[in-house]
Every structure is written in structure tokens, then in C-alpha cells.
Amino acid sequence: IGVAVECKDGYLMGSDGCKLDCLMKKGTYCADECSRVKGKDGYCYLWLACYCYNMPDSVKVWERATNRCGKGK
């Protein structure tokens, strides 16, 4: 019997609710950050924000519908 594990992909989110920026960061920054949250891999999308693959469902990612970036806390 196989066990299905759901994983998610998405933009990492900083404590301010914004996408985690990768502009002017070292080349492995996003892969390192994705690994830190137990994602399989990640990259700097258009040199602007970290996008990660296969993260645990518990990791909060940026979503347009719940965006609070720049809106205060």
C-alpha cells in the first residue's frame, strides 16, 4: 500500500508577508532557504523572489488571495 504525501510549491514569504526577495543575493540563496524549510529545491524567479518546490504543507507561502505585503500587520 502506497502513501501519498502532498507537497506544495510556491514563493517563500518573509515575516512582513511579502515574497522573500533574492535580488542581490548569492546564487544559492533561494536553494538554501528552500532547503531550510525542508523544500526539495528552489530558485530566484526573475531575480526577484525565491520560488520553492516540494515543501511541506505546513510552510506558509505567498498567495495573491491572502497577500498582506505592504498593508501593515
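Indices start at 1 and increase along the chain as displayed.
Just so it is clear, glycine is given a Cβ too, placed from its N, Cα and C backbone atoms.
The disulfide partner of C69, as annotated in Swiss-Prot and taken from the candidates C7, C18, is C18.
Looking up C50 in Swiss-Prot gives a disulphide bond to a cysteine among C7, C30, identified as C30. Of the cysteines listed (C22, C52), Swiss-Prot assigns C52 as the disulfide partner of C34. Among the disulfide-bonded residues C18, C22, C34, C44, C52, the residue whose Cα lies closest in space to that of K71 (lysine amide) is C18.
In this model, the domain 'LCN-type CS-alpha/beta' (8-70) carries an average pLDDT of 94. Around C50 (disulfide bond), the same-chain residues six or more apart in sequence whose CB sits under 8 Å from its CB are Y11, L12, K19, L20, D21, C22, Y29, C30, E33, C34, G42, Y43, C44, listed in sequence order.
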